[in-house]
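Below you'll find the structure, written out as structure tokens, and then a few comments.
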């Protein structure tokens with residue numbers, strides 16, 4: 001036994017040495033040599049039949065959710081879904097994995113983040129990266145040319161997770177899309193209206209929605225001298241301006257992507273501008289940009305969009321921002337992204353964006369990529385960044401020390417004396433059959449105090465108390481947990497009384 005313990009200690013020390021060499025980025029030969037020693041020591045240990053070691057953790061970039069966290073999630077989802085339904089959307093679902101060829105070539109530089117699966121029965125599959133490409137495949141496959149849909153489901157990205165900032169490898173997306181041939185900017189304006197409605201309803205703080213148009217970007221790149229082959233990769237660099245400085249973006253474009261410095265400087269003159277409809281008007285007068293057909297179309301549509309946003313009462317929430325690029329390859333027109341704002345600490349300071357919580361845009365060519373005849377179905381949509389929103393709501397509740405109910409139980413069926421289990425079981429069954437959310441403690445003879453304490457801890461608002469006298473009188477004693485007031489209710493009236501007392505809508509925490 002002592003020999004085994006000594007050998008286990010050698011294995012532990014050798015393991016630490018291997019890890020240290022990897023952290024120090026030692027040569028591959030040195031690491032390989034030390035790994036071989038480690039394997040040799042482990043072989044000497046042999047199989048340990050009596051002991052199995054499990055690492056109890058979730059995979060990197062994923063998390064478990066407690067009942068409290070799930071209660072918060074459900075409330076957030078309720079706000080989002082009710083808004084989608086209010087705007088007439090239908091719900092669909094698609095498989096969690098797609099044929100690899102379905103996803104390939106749709107995400108630009110982000111394609112490297114797709115999770116590929118092993119060959120299963122002759123099919124090369126990948127986990128879905130978002131809900132937009134599967135939606136386009138669904139439209140083409142079913143020959144649909146007109147639909148307004150929402151879809152809430154998990155997606156997967158082989159990313160470096162930053163879980164404190166709501167960045168995961170497995171996470172939910174909440175998508176709303178309008179597909180069909182419509183007059184310009186009407187569905188686009190509605191998508192922005194939906195985005196603003198949801199973010200306002202969730203009460204997570206002030207926000208700003210940045211808008212731009214891919215056609216304006218492409219026109220700008222063309223007049224600045226960016227080669228056609230570099231449009232998408234330069235677009236990806238520009239999209240980082242909300243996180244890093246212009247100097248860093250310029251260095252990436254010039255140093256890593258081979259763009260001429262003077263071309264980068266011309267781009268910089270444009271992408272550092274932002275404003276409202278007045279900036280659209282200004283750029284329509286730009287001697288170079290106004291001569292580019294694509295840019296002119298984009299600016300004309302943005303001017304129309306601002307007219308509709310004014311009618312919807314949300315123009316003050318929208319900023320035309322030339323640095324917004326949205327890295328995904330499939331966008332073809334208007335693009336937008338909502339960011340939460342940080343209130344300035346001192347007067348005169350600029351309001352800062354502290355993170356994207358929703359995004360979307362127009363993608364008119366994606367469905368045609370799947371259609372055998374290349375038939376296009378124009379689409380525009382949005383996605384709510386619920387993981388970041390969950391994190392914000394959770395932090396707010398913790399700061400306020402608010403209690404979150406994790407069940408929706410309306411009433412606990414309790415007894416005041418012993419030997420009344422059968423009566424409790426009969427009553428709780430009656431309540432369940434009537435659609436009342438009810439519970440009882442799983443004890444034959446629970447103390448009344450314990451039953452009342454359970455209600456307080458679980459946030460259950462009512463207690464239906466059965467006693468020998470109540471059974472004789474044909475009544476149930478209904479107790480309000482908060483006020484401790486009790487009233488006798490005829491058994492046949494109990495269901496309606498419980499419904500009346502618990503019919504108030506739940507608020508968003």
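Just so you know, glycine gets a Cβ as well, placed from its N, Cα and C.
Feature annotation from TrEMBL assigns domain 'WHEP-TRS' to 3-59.
If you look up TrEMBL, you'll see 37-393 marked as domain 'Aminoacyl-transfer RNA synthetases class-II family profile'.
Positions annotated as L-histidine binding site by TrEMBL: 130, 131, 132, 157, 173, 177, 326, 330, 331. In sequence order, 130, 131, 151, 152, 153, 154, 155, 383, 384, 386 are the residues of the chain that are 6 or more apart from residue 173 (L-histidine binding site) and have a CB within less than 8 Å of its CB.
Annotation comment: TrEMBL describes 390-417 as coiled coil. Only residues 6 or more beyond the boundaries of the coiled coil (390-417), in the same chain, are considered here, and those with a CB under 8 A from a CB of the stretch are 67-73, 76, 165-166, 202, 204-205, 340, 357, 423-424, 427-428, 431, 436-441, 445-446, 448, 451-452, 454-455, 458-468, 477-478, 498, 502, 509.
The C-beta environment of residue 331 (L-histidine binding site), restricted to residues of the same chain at least 6 apart in sequence and closer than 8 Å, consists of 214, 361, 362, 363.
Non-local neighbourhood of residue 326 (L-histidine binding site): 214, 239, 335, 337, 359, 361, each in the same chain, at least six residues away, with C-beta under 8 Å from its C-beta.
The local packing around residue 130 (L-histidine binding site), expressed as other Cβ atoms within 10 Å of its Cβ over all shown chains, amounts to 19. Around residue 132 (L-histidine binding site), the same-chain residues six or more apart in sequence whose CB sits under 8 Å from its CB are 175, 177, 330, 363, 366, 381, 383, listed in sequence order.
Counted with DSSP, the domain 'WHEP-TRS' (3-59) comes out as 39 helix, 0 strand, 18 coil.
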